[in-house]
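A.B. asks: Have a look at the structure that comes next, please.
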Amino acid sequence: MMHPYFAAFYLFIFITVETIYANGISFNDEPIVHTKLGIIRGVQQQLNGTFVNAYLGIPFAQPPIGNRRFALPEMIEPWQGELEAQKPARTCYITPDSQFPQFPGAEMWNPPNVYDEDCLALNMWVPEKHDGKVMVWIFGGGFYSGSPSLDLYDGRILASRQKTIVVNINYRLGPFGFLYFGARSSIPGNMGLMDQQLALQWIYENIASFGGDQNKITLFGESAGAASVTAHFFAPGSFRYFRRAVLMSGTIANSWAIKEKNMALKTSLLLANKLNCTSGQDDIADVNLIAQCIRQKPSSNIQKAADAVSMDQILPMTFPFVPVEEDEHFFKGNLLAKLRMRDFTKNISVLIGSMKDEGTYWLPYYFLNPKMGFQFNHTISADDPTNRALINRAQYTCSIQLLIPYFDGSQLVKHALLNAYEEISESKNQQERLRDGVGRFVGDLFFTCSLIEFADILADNIYGSVYMYYFTKRSSANPWPKWMGVMHGYEIEYVFGQPFRHSHLYAQSQLYSEKRFSETIMKYWTTFAAEGVPNPEWPKYNRVTRKAFVLNDEITGSNHKIDVDVHGKSCSLLSEAQTFTKHRLDLDGNQGGADFSSAVGKLQRSKMRVHRASTMLLGSLDVKAKTAQIFHQLMLSKALIAQEHKGLYSILPIGTF
């Protein structure tokens, strides 16, 4: 008879082995997983003695090529034999950033692998020990660039150090993912969002084979990736696939993240015209014939035409191919109407936040004209005096003016903003104050303010909690000029543990603190994914106190800082300006400023309708309440608007604002 000790021991071994193989998991050089669709062979990755099983390039959809180009995605079919998942997912078709060749600050966003339309695959990292929670990364890039296979997004450190399964999903970009010829056409728009939804379905249905728990899935993303995550809040077909969300510097309510359907159609016809698939840019006689013509074009030609359309965009931060506001398959209705009615999933918890200097990243790209003064010479030291962007008042005015079309060209608004943002910076140097004011304005307008208002709505409506952060630490690996500060996108390296993988990029004197900071950030993110609370000392967010947990070097010790109403004053001013613009157009019969041509004014107003709609729906529903504040005198007076059109706005005191 077997001794009870040995019987228990063998029973333990038997149960352990059975559990491992029941889940299809093995840990060796080439781990094998048995899924419902077939066998997957991955690759084992090692770093500092820690092992992670990586399954790279797993297809989740039929290749979107041939007749499937521009079509809604279809689930991958079961396969015979073993699927080799040892190479990262291909990057969907894009044009890489060539503005600053060989400059690390630009090249870090350019995928190193093959660009291909056959790209609907995912990368997964499974640590040897974990508790079943899953974090699904949706990358950003304005819906026109990006890849799940960027080195920056390598999930092995996050997975191994935080005992978390990490999955990076892919989706079609640019015209391949967001061309639109009508909700009932063969190119119905939002194909890229449907790619994401299908990837989430694949994960939900198959993650148990990798040891994951389908009820412990958290979505996280940055910029357009965060906008994508929030798009799933409004997509009934996505609700069951996640429980929590981390939103880094983006929501679907950002003005650049969504297009009104008429504007989306107009942009798509511009592309068709450049491909010689229409007789004119407004030719919509048969969209299905147009679609068939585009399908027959080489992918490289389509991408070149998309780049040409992008170059034709008049306003900064206007991306040509992005989600369309209304469809019958993803949103299954109108996004803005759903936002107004608070019709979105409520069974979630959210961690949301922004960077201190969201706007500075965009200045060398959109404001490089000498009249604005933000040229950047990447071939010399980033901190060379010529790269300090010490602009004068004329350049400051020109830079602010570039964005005034978002306010229908209002000179009243322009003067209010010029005065307000000059005083944002604490610098005693006037040129630095002007420079920093432009950066802050860009960040507030396109990222921070609408993100805060979206957080207000979530806090008022979801059943879970909302937590906000404000990221103020600049990485010692940041290659851009120091004046650009804590830039858009530069929290990602800490979330994925880059100081542990690429320590040579960091100042060696700061490496220890950089690693500790990264470890803390990873811990916050994964603790939130597991428990719905990032840290016991982190206050819940609400629209009254608007408390934000400051992410800086202090969090690695026993201290931390709470900010209240981050960027509150400037965001209030922008809200008033946008509300004034809306009311001004209503009073003025929706006519643009006299200094705009009819064609340009029409295009700008089409763009602004979405921008204003998202702003109004985010928290400015009561126009009368808004008129009682800074702009109330202006909004109620047609005479003042008439004065503006005659160039008499200069008689109005700035104190009015």
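Yeah, the Cβs are placed from backbone N, Cα and C, and that goes for glycine too.
Bear in mind that TrEMBL entries carry predicted annotations, made automatically and left uncurated.
From TrEMBL, for reference:
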| type | residues | note |
| --- | --- | --- |
| SIGNAL | 1-22 | signal peptide |
| DOMAIN | 30-556 | domain 'Carboxylesterase type B' |
| ACT_SITE | Ser223 | active site, acyl-ester intermediate |
| ACT_SITE | Glu358 | active site, charge relay system |
| ACT_SITE | His488 | active site, charge relay system |
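Structural setting of the listed features?
C.D. replies: The Cβ of Ser223 (active site, acyl-ester intermediate) lies under 8 Å from the Cβ of Gly140, Gly141, Gly142, Met248, Ser249, Gly250, His488, Gly489, each of these being in the same chain and 6 or more residues away along the sequence.
Of all Cβ atoms in the protein chains displayed, 29 besides its own lie within 10 Å of the Cβ of Glu358 (active site, charge relay system).
His488 (active site, charge relay system) falls outside any helix or strand according to DSSP and counts as coil. Neighbour density for His488 (active site, charge relay system): within 10 A of its CB lie 24 other CB atoms from the protein chains shown.
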